[in-house]
Amino acid sequence: MAAKGAHGSYLKVESELERCRAEGHWDRMPELVRQLQTLSMPGGGGNRRGSPSAAFTFPDTDDFGKLLLAEALLEQCLKENHAKIKDSMPLLEKNEPKMSEAKNYLSSILNHGRLSPQYMCEAMLILGKLHYVEGSYRDAISMYARAGIDDMSMENKPLYQMRLLSEAFVIKGLSLERLPNSIASRFRLTEREEEVITCFERASWIAQVFLQELEKTTNNSTSRHLKGCHPLDYELTYFLEAALQSAYVKNLKKGNIVKGMRELREVLRTVETKATQNFKVMAAKHLAGVLLHSLSEECYWSPLSHPLPEFMGKEESSFATQALRKPHLYEGDNLYCPKDNIEEALLLLLISESMATRDVVLSRVPEQEEDRTVSLQNAAAIYDLLSITLGRRGQYVMLSECLERAMKFAFGEFHLWYQVALSMVACGKSAYAVSLLRECVKLRPSDPTVPLMAAKVCIGSLRWLEEAEHFAMMVISLGEEAGEFLPKGYLALGLTYSLQATDATLKSKQDELHRKALQTLERAQQLAPSDPQVILYVSLQLALVRQISSAMEQLQEALKVRKDDAHALHLLALLFSAQKHHQHALDVVNMAITEHPENFNLMFTKVKLEQVLKGPEEALVTCRQVLRLWQTLYSFSQLGGLEKDGSFGEGLTMKKQSGMHLTLPDAHDADSGSRRASSIAASRLEEAMSELTMPSSVLKQGPMQLWTTLEQIWLQAAELFMEQQHLKEAGFCIQEAAGLFPTSHSVLYMRGRLAEVKGNLEEAKQLYKEALTVNPDGVRIMHSLGLMLSRLGHKSLAQKVLRDAVERQSTCHEAWQGLGEVLQAQGQNEAAVDCFLTALELEASSPVLPFSIIPREL
């Protein structure tokens, strides 16, 4: 009975030894070795003659104990020197007593030769690892050749032997890489490279099988214990981690994209274990990087298809996979398969993001500082790739939602704050973006790009001019520390002053701000004399204060640097029109539209120039082109999934939807049946306009600029129809615009003009008043209202309204002309003459459209 009990104890210790070697519990090895030796001593009852698993004599047990202790000592030494191993720094035996002791044990075992072939082979594998870490790469390769690792089988072997073999293959590959190349021939080098990749691929597969089997065994043993007792997470050793990733890293480094991607996809398809979760995040991030940076959409192949033949021919498989036991893969019906590289990269990154953000170390205690830094770097790298991926598809809302999830661990992390801020800018959440940028300024106060970005947003979409001025002053206050961004700081401040001048209601304030704007912009030009953007805005500022000749000189300099700039060409056309060279202006606009066919501002200027030069008929034809451009750029399928005909030829028809609908009569001559040129233009415009019938539910979809542009097209067409006295057609156009924005001041103003042309003066006056209520600074509205009040006999009130208009915009010659007419009607001839002279002087330098239509933005 005693012998039977001792035999059971021996089996239990032996099983525990195998488990500890597989799971890496090296601190338990000395105690287990002592128990084993005690049981194996004569009289201990553990000598099991005839047992295939442990038929040791006492000297054999002593050598077996040395093997176990040598492995434990070496693994503990490697754990203590993980950083050096990672940096490929050889460990010196004299500085590492554990490694020295392990080497002595292993040398003794191999010299005695008393152990069974299995354990002698294990000793060689462990000694090969030791040779590698001490920098003896040839000795490591020789030891693995002596052990015969290429012919080893994994069938019916203990788990720890899988780990040893996986590490052996990766170490052999790393050792081959580090051998000197001076003597070897090119053929031998190529052969060696192939052998390295073969070693890495074998190591990867064996490591994955080992980790899957280890988790299965651990879970089974845990299930036999109490519920709620969870197995400890297995910590990957350096060499196991290298085994998992060396194959795809080596292939990608050599330019073998097909094999590298195949390795990565295989790794990601294997059934994961707890130990490989972090590794899979890294692999997914790596594959996403390859898909984004190294593979075009034309060369992409899905995980379930084969790569292009030209790729297949170059990269043959380097080893026979049939001989290896494959890890378990995720399989099943109806698995999702990406259609292109962006889709696959996005899928990988979204999965990686969910795992990485879950594992981020939030604790700020000093002991976890390094872990926190590493986890944050991994998460930030994933978000950077997500920014690239979603940015390519314009999915900025989705990107901002992803980045917002990072805010829970972004405390003090400038890069993440800045990424979130930029994503908010891109998806149109400008106010939120400015709030985030304020925090970024606090985190990095010496970085001029952050306040510049904030100023750009404030100037552009928000028009928060006081905040823009504050941010611009931040950049300027940095002085020389701002470097190349200092001129941009002055540019931002100059544009802010210019916009403030446009918004100012008092002429004295306008003049002061225009002066400050010009001085600041000229300072920016002194700092960056060849910057075309700075020169452009100096020219624009000169144009705004009607220094037309000086503005033209500056603009010529800007065009020398950037000949095809849309804003510069647009300003040139407006300057020509201010000099009354309308044909030159039209030629410039046509040239600019050739370069920038989707620029609506240029198209509207062309309509105005044609209206002045050729009359409303030609302008209506261009209006039709603008409407078609709108339809092309903002198709119904993008907005609401409506049907849309792809053809834009004559006779275009499409299925009409309920909602807005425009029908323009053909304006036939009833007697002769002939059609005037204006009627032809009108019918063509009707043809284009009738295509744009849409449900009102669509109107709130898409950016606001989309619909304000369409409103402007309708109102421009209405103005041209009114000039031709086609009042019914004009009414339909205004009705369409009103369907978009019923209370828009532009719509109310145009309805007032239509009522005025029809002779409904009281209605016109009321509509002008409503428009002025919506837009109290509308000079054009004030002008029309003033003249209407004068016609109705309210001379004093008309004079007040027109004086407000010229005070609000002192360069509006129409307002001066109207004020002169009212003063003349009141008998104030001298004051009227002054107004007429001012109007005449201003009209001589007035463009067809205000210079302020040129966007002032960074």
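We count from 1, first residue shown onward.
Placement of Cβ uses the backbone N, Cα and C atoms for every residue, glycine included.
It should be emphasised that the depicted structure is a prediction, and the values quoted were computed from it without experimental measurement.
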In Swiss-Prot, the member of Ser51, Ser116 to which phosphoserine is assigned: Ser51
Annotated residue, phosphoserine, per Swiss-Prot; candidates Ser136, Ser498, Ser690, Ser845: Ser690
Thr198, Thr520, Thr693, Thr743 - the residue Swiss-Prot records as phosphothreonine: Thr693
Mean per-residue pLDDT computed across the repeat 'TPR 5' (533-565): 95
Secondary structure tally of the repeat 'TPR 7' (745-778) (DSSP, helix then strand then coil): 27 helix, 0 strand, 7 coil
Per-state residue totals over the repeat 'TPR 5' (533-565) - DSSP helix, strand, coil: 26 helix, 0 strand, 7 coil
Residues of the repeat 'TPR 6' (566-599) by DSSP state, where helix covers H, G and I: 27 helix, 0 strand, 7 coil
